[in-house]
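First comes the structure, then the notes that go with it.
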């Protein structure tokens with residue numbers, strides 16, 4: 001799978017579905033489109049694979065936070081939420097997306113005392 005370049009402006013072409021053709025004929029067709037000048041080129045070799053790899057994380061699969069997250073002065077803190085593990089009332093928190101579309105966010109809390117993790121959706 002090689003990189004394709006625009007014949008008009010020499011910028012990179014990106015694979016996408018021809019939505020105009022789909023609206024008019026209900027058929028799906030792959031084209032290469034330039035994001036700079038808007039030029040569209042037909043895909044001539046349909047045997048060439050085109051990949052899109054989307055990684056979706058759920059709140060329970062948050063990428064591992066650093067050990068010093070509780071010492072980060074840029075993160076907001078709460079003194080009103082008790083830790084389930086040790087009962088300490090100070091925690092740092094930040095927002096994390098839920099599901100595939102990132103439409104909904106939950107708060108991810110980390111206890112300053114014992115580093116226990118929990119989410120606002122766990123209540």
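Cβ coordinates are placed from backbone N, Cα and C, and glycine is handled just like the others.
Bear in mind that TrEMBL entries carry predicted annotations, made automatically and left uncurated.
Record note: among 6-37, 38-69, 6-37 is the stretch given as zinc finger by TrEMBL. For the recorded Zn(2+) 1 site, residues 6, 9, 34, 37 set the reference point as the centre of their Cβ atoms, and the other residues of that chain within 8 Å of it by Cβ are 7, 8, 10, 11, 13, 35, 36, 38, 39. Counting residues of the domain 'TFIIS-type' (79-119) by DSSP class, helix then strand then coil, yields 0 helix, 19 strand, 22 coil.
The binding-site residues shown are 6, 9, 34, 37; of these, the one with its CA atom nearest the CA of residue 111 (Zn(2+) 2 binding site) is 34. Of all the binding-site residues listed here (6, 37, 111), it is 37 whose C-beta has the fewest other C-beta atoms within 10 angstroms.
Here the Cβ of residue 83 (Zn(2+) 2 binding site) has 20 other Cβ atoms within 10 Å, regardless of which shown protein chain they belong to.
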